[in-house]
């Protein structure tokens, strides 16, 4: 395992954000596909999609069960909505996987899988197929994590974003000291051939190559419903803009953390909502671009 690197401005200077010309089209700014949602949990994918847009992704397609497709399009009119076949419980049907693999993967650059997916055996089949066959970089979050096969080498980069309990499930119940998880995170990333974003009071990013990054920024405001969906959307939006997976994970964690700090400073630690973090992302990005020498202001 390599020495742990602290996520700070000096580190981020070595991972430049994408810069765009004034005439850059929305297609050039990234095309992201987010797969998720369910009748019971429609909000999570809305948060992920809004976060991807707010971090600068040019176009976002949201593939959701058909029963929530119209309400989602009304909630976020900037999205392209892809209605999917669904089960009787309002979750993604198994047949949706082949539809997405056939029709959508060539149109996108990166994928987020998981926000708002509800438990269902048929849905799990769709997740397994998407995890195994999606040829694009993918952020794997929430319910999709429980279907991830750590023994199967991925065909494209995967970024897993578990919190403590999800990580325990991924490691077959292993108890991990979240105050010092570096060794366990490093071992998992190398065995799974995936980038691990292990969320906690301090968030650790581990890569299959043995690099470990520790983020100490953030605030307790981040401990709220939808915060993880927001992080998944931020990372996915950066991936879709062409960032390398490790850089997208590191920057995504830091953007998310600084958004939490900003909300705490402006409105207090308590009562913050995930949408508060999302709305501040453009201003935060502008400031961090200036601090890291990444400013694209003309």
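Each Cβ is built from the backbone N, Cα and C atoms, and glycine gets one as well.
Automatic, uncurated: that is what TrEMBL annotation is.
Site annotation for (6S)-NADPHX in TrEMBL covers 116, 163, 164, 165, 166, 167, 168, 169, and the matching candidate from 149, 229 is 229. Here residue 166 ((6S)-NADPHX binding site) is compared against the binding-site residues 203, 222, 224, 228, and the shortest C-alpha distance is to 228. In terms of Cα distance, the binding-site residues that sit within 10 Å of residue 199 (ATP binding site) are 164, chosen from 164, 168, 229. Rounded to the nearest whole angstrom, the C-alpha distance between residue 220 (ATP binding site) and residue 164 ((6S)-NADPHX binding site) is 16.
Across the residues of the domain 'YjeF C-terminal' (9-288), the predicted structure has a mean pLDDT of 95.
Note on proximity: among 201, 203, 222, the binding-site residues of the record, the Cα nearest residue 229 ((6S)-NADPHX binding site) is that of 222.
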